[in-house]
Amino acid sequence: MNVEEMKKAVAKEALKFIEDEMVVGLGTGSTTAYFINYLGKLLMEGELEDVYGVPTSHQARLLALEAGIPVVSLDEVDAIDIAVDGADEVDPHMNLIKGRGAALTMEKIIEYRAGMFIVLVDESKLVEYLGQKMPVPIEVIPAAWRAIAEELEVFNATAELRMAVKKDGPVVTDNGNFILDAKFARIEDPLDLEIELNTIPGVVENGIFADIADIILVGTPEGVKRMER
């Protein structure tokens, strides 16, 4: 089973948690895209009914509409039953780094409010500690990015402004902000660092998701494995 097959396997496994009349938070990224497509197929075939999606990004919204999933905004629903999203790193305590898709702020808002948060990853995303492979994305007010990058030196972190690939200039989030990718030597206390980073003036949100995931579905060559609290 290659990586894409692992992604498809965990996406299909996540469908087992979806029931009629649910409001589902739809994450951003390649693995979640499979889930959105599969969910849309079940709705089109009548195997699920009255399921609504709350997208975490413009990308997720467009994918949901293409898949035939009715889309609503966060302020149109009283509650989110379940949220499904990917992650860039997962530590043994189910803490996450997210945000390579630059949608981390809405992801955290929606997933924090969900009754259940399910994370979809392949086994390459499992790490011994957060920061082992990936930097922590930090969404920042554009005018403050340089000052915040300097402030992060207090945390022994090196931060780089994320630049766009298919256009000139930096990546701009759906909220109109910039992304700093901050590399930490080792994140010993993810929850503490998550809170501390958000106290820096100009920081909108950061990509540490500590103590928030309920179930993590991990794609492996042997099949889907589950981590849960």
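Note: Cβ is positioned from N, Cα and C throughout, glycine not excepted.
Database features, via Swiss-Prot:
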type	residues	note
BINDING	Thr28, Gly29, Ser30, Thr31, Asp85, Gly86, Ala87, Asp88, Lys98, Gly99, Arg100, Gly101, Lys125	substrate binding site
ACT_SITE	Glu107	active site, proton acceptor
Does anything in the same chain, at least 6 positions from Lys125 (substrate binding site), have a Cβ under 8 Å from its Cβ, and if so what?
Gly86, Ala87, Asp88, Glu89, Val90, Val218
Within a 10 Å radius around the Cβ, which one of these binding-site residues has the most neighbouring Cβ atoms: Lys98, Arg100?
Lys98
For the substrate site given as Thr28, Gly29, Ser30, Thr31, Asp85, Gly86, Ala87, Asp88, Lys98, Gly99, Arg100, Gly101, Lys125, which other residues of the same chain have their Cβ within 8 Å of the site's Cβ centre?
Gly27, Thr32
Below 8 Å Cβ to Cβ and six or more residues apart, same chain only. Which residues does that give for Asp85 (substrate binding site)?
Gly25, Leu26, Gly27, Thr28, Gly29, Thr32, Thr56, Lys98, Glu107, Glu111, Phe117, Ile118, Val119, Leu120
Helix, strand or coil by DSSP: which one applies to Glu107 (active site, proton acceptor)?
helix
Using DSSP and collapsing to three states, where does Asp85 (substrate binding site) fall: helix, strand or coil?
strand
So which one is it: of the recorded positions Thr28, Ser30, Ala87, Glu107, which has the fewest other Cβ atoms within 10 Å?
Ser30
